[in-house]
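Report on one structure; see the data block that follows.
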Amino acid sequence: MSSGDMGITKSAKEWSYQEVRTWLEENGFAQYAELIAGRHKVDGKVLLCLSEEDLRCPPLSINILGDIKRLSQAIDCLKTDDDANSGCYCDCRHICSGQWSRNIVTALPPSASSSADRSDSVFYNTEELKQNVIIRRVETDDIRSHCSCVLKTLVAAFYFSCSILLTSLVMVIVHDRVPDAKTYPPLPDMLLDNIPHIPWAFYSCEILGCFLAAILFVIFFFHKHRRFFSLAGTVFLLRCITMMITSLSVPGVHLKCAARKNSNWYEKLDDAFHIWYGMGMSMFGVRSCGDYMFSGHTSVVTLLNHFITEYTPDTWNYLHTISWVGNLFAIFFILAGHEHYSIDVFIAFYISSRLFLYYHSMAYNARFVTAADDRLKIWFPLFWFLESGSPSGRIPNEFEWPLPSLSSICDLLNGSYFIEKSKTEFSLLQSRYHIQVDKVHRFLFHSNNTDFSKKKRSHKAKAQ
């Protein structure tokens, strides 16, 4: 509802606290009238400055998503109505921080700047922008956010790849340090001593792991938000440390392990790459010993399970049940195959699950944690980099088709995409600054053409 609808004839920027309260009550936000207009003294100017993030975060802290969206839309409509009625545009940064006034300058040529107060000004008000300011304002926050997300994804993927490669190299090193099974028999283990060896159990564990990985791949393909690379990379870096510290004897007499003597670094790297592209799975021909503390297979299936349950809606109970059953059966098959000690499996499950929960607990409050403690940049630099700028609270489970449609590809090939994109960007610029299109064109290109013509005439005069 606009200002005219509520009987207030003056501009919304001139409203008092009481008029803001009246507007809120008449638009169905009476429960927030005292909070916004009374307690926080929000007048008309400040009301037009409020964004959806202001409504969501302290000190307002409105925790009902529907009310946040509706109130934000109502404020946007009020801005539009107020701009249409007043014939000028007022940017909130001019009111709130004064940054706008420092960016607004007179950028027209002398012949045009003398008539800036006339009705044929580039803008409806008497303020003009430099060309670089216009270009900078066209680059919206959405574009910068998208580029930032792509960069973070590439960094996280590189971090994960390096972690897996380093883990593969450490697995080769500890394989050469595995104790002799004849001298050091398997250690006593309460579970392994009471579970008979099942030859096909470990293979079944890897089948379950591939099944969970396929489910997660489908989820991540359509999901708009992901955190897998950074967490998995950190877990495997921790595993590198625990594998190197202590070399345990083989957990089962069926395992044929022998240290390779006098292997050079070229052979070690070749074996490491074999483990890397074989993903450490015996079904792909990878066979290693000594990498017992802690279980990599348990860590992977545990992370897959937690990601499936976290990044799908809470109402998908059947999928969550299947994921947890698959995780638990995979752990059982690892023990039944006598490929790891019980302590390996327990520590792997504990570290993977706790790291997942702790990371997401910090990520849900990243904005408040980073603002309150600068030491986070020192102790958790990767977390600080990846989660900077992330929204507060739990990320919504939003799904979308990530690839362009066939019609979009055709538009891209014939140039229609760039034409429509240019129209959209220029419409955004026009609506944001109320620019007259024809005069912006003269503003942007007239001065440059004039300067170029002057330089050309000067060059000809010097040549003569």
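Cβ coordinates come from backbone N, Cα and C, glycine included.
Over in TrEMBL, the protein carries these features:
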DOMAIN    15-81  domain 'SAM'
TRANSMEM  154-174  transmembrane segment
TRANSMEM  200-222  transmembrane segment
TRANSMEM  229-253  transmembrane segment
TRANSMEM  273-294  transmembrane segment
TRANSMEM  315-335  transmembrane segment
TRANSMEM  341-359  transmembrane segment
Across the domain 'SAM' (15-81), what does the mean pLDDT come to, as a whole number?
86
Report yes or no: does the transmembrane segment (229-253) come within contact of the transmembrane segment (315-335), defined as 3 or more CB pairs under 8 Å with a sequence separation of 6 or more?
no
Please check if the transmembrane segment (200-222) comes into contact with the transmembrane segment (315-335), where contact means 3 or more CB pairs closer than 8 Å and the residues in each pair are separated by 6 or more positions.
yes
The transmembrane segment (273-294) in contact with the transmembrane segment (154-174), cutoff 8 A, at least 3 CB pairs, sep 6+:
yes
Report, as numbers and ranges, every residue of the chain located at least six residues beyond the transmembrane segment (154-174) whose Cβ falls under 8 Å of a Cβ in that stretch; write 'none' if there are none.
228-230, 232-234, 236-237, 239-240, 243-244, 247, 268-269, 271-273, 275-276, 280, 288, 290-291, 296, 382, 385-386
Helix, strand and coil counts within the domain 'SAM' (15-81) (DSSP):
48 helix, 0 strand, 19 coil
